[in-house]
Amino acid sequence: MPDNTHNKDLKAQSIKPLLAQFGIISADISIESLVLDSRYVAIHSAFIALKGHVRDGRDFIPQAISLGAKVIIAECDSQAEHGQTSMREQSLIVHFYALTEHLSALAAAFYGQPATQLQVIGVTGTNGKTSTVQLASQLSALMQKTSASIGTLGSGIIDQAGECSSFGETVNTTPDAITMHKLIAQFVDCGVKQVALEVSSHALIQQRVAALKMDVAVLTNLTRDHLDYHGTMQAYAQAKREILNQPGLKFAVVNGNENESKHWLAHLVPGVLPVVYGIDDQSLIVPRTAQYCLAQNLDYSNQGCRFTLVSSWGKCDIELALLGRFNIFNALAAITSQLCLGESLTDIAKVAHKLVPVAGRMERFSAENSPTVVVDYAHTPDALKQALLALRHHSEGRLLVIFGCGGDRDKGKRSLMGEVAETFADSVIITNDNSRSEDPAAIAQDILAGCIHPQQIKVILDRKDAIQQAILMATSKDIILVAGKGHEDYQIIGKQTFAYDERQYVQQMFERKTA
């Protein structure tokens, strides 16, 4: 839930004209907020009771009534029930068919269509969403435009240093429909001119952004993930493509180095302009009808990278203080989005070197006469592979990796993660991640099943101990990738959640070493 400091619900408004937009005739009752969680109901709230994917919100109607909800909008099971109303105690009960599908439109109407009052960039894809969103917001801020972001790292206004003035944490990558429109309304009140947001496949399938006006949709890539939810890669791909149907969409910005890009471009609706970004190599696909933004002549250093940007908007040199090839893709997606929205290529080139990495995304820690430790959120086979390939460019010595896999999640990717680690790193340590209800040792064995030489791989289940051992094993020329936790500040073991900030822990280790 957003921080109450920024909890600016509208003044009381009648539910009658709001529901009339959906063909429902109701009594004229004033409400001040829409609430999905019955625990947050207050007097003058309208409680939204959805069927839900895990719990049925309708089971909590009595609790909402006892807390003073004036209106209950409850999802009903048939079209025939739609619009039926009744009174229970002092609360109006309204039956709403397909409420889940229409909740985004209901919230948009309640909050006054806030997304129409600023620029919106939506980013989807298996990997790169968080970094692309943060880099897009940083770029906008560096060019003096008040910008905000919504996603895995929470929500808030971004300053020129990449710092976020938090409006609160987000429970999911993409908030529920009510929180989404409420946040954007708050941003509008604060003078924000542009918001970039992560759009997960779950959010697209669950209609959380169905009525959100979007100017630019970015599709980064598509690799195996969330098959425990979607079932098949085909269903997962279809979910991602749903972003191309967003209302008001003007530009579809796609990664031309992805095979899936030709399918993305084939699904564009009339009026949406295709724009391709990428690294200019043999895998690049750029249709003749598309605008483009491409990186050529890549040059890596231990400080970051440089390249020549060739685009429909002109040509220039770009310097980035970011590690890795995939961060070039993330930066290209952010740059392309800003070009689509009218920013100057010259202005972008002047500030690109000021972009900073996202916390826990290829974040670098080092000390004199010590190995370099890079903390990264990579938790899929492709993300781990890309992180290791990226760091290979920067490593003068060996490349070590420490990682685990989450419990109660897609087991199919565990052996793939093991295979990737063994193939692309010089030394591998398997450790614990968020094991949840599973045995960490059993998860480690699932990972080892993908390795050709499991006897050469260390298993150190205590994560802190694994990092300590790796640093003792490494030289000052080596790089240690600690993957999986990134920005997270917790670890879930069994039913308990423990405080654990990997970035802070690594920093403290180096500080103790140099003290």
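Placement of Cβ uses the backbone N, Cα and C atoms for every residue, glycine included.
These come from TrEMBL:
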DOMAIN    31-111  domain 'Mur ligase N-terminal catalytic'
DOMAIN    123-336  domain 'Mur ligase central'
BINDING   Gly125, Thr126, Asn127, Gly128, Lys129, Thr130, Ser131  ATP binding site
MOD_RES   Lys240  N6-carboxylysine
DOMAIN    360-486  domain 'Mur ligase C-terminal'
In Å, rounded, how far does the Cα of Lys240 (N6-carboxylysine) sit from the Cα of Gly125 (ATP binding site)?
7
Mean pLDDT over the domain 'Mur ligase C-terminal' (360-486): what is the value?
96
Shell of the ATP site beyond Gly125, Thr126, Asn127, Gly128, Lys129, Thr130, Ser131, same chain only (C-beta within 8 angstroms of their C-beta centre):
Val123, Thr132, Glu198, Thr220, Asn221, Asn330
If you count Cβ atoms within 10 Å of the Cβ of Gly128 (ATP binding site), leaving out that atom itself, what do you get?
25
According to DSSP, which of helix, strand or coil covers Thr130 (ATP binding site)?
helix
Three-state secondary structure, Gly125 (ATP binding site) (per DSSP):
coil
Which number gives the other C-beta atoms within 10 angstroms of the C-beta of Lys240 (N6-carboxylysine), all protein chains shown included?
24
With DSSP, how much of the domain 'Mur ligase C-terminal' (360-486) is helix, how much strand and how much coil, in residues?
50 helix, 25 strand, 52 coil
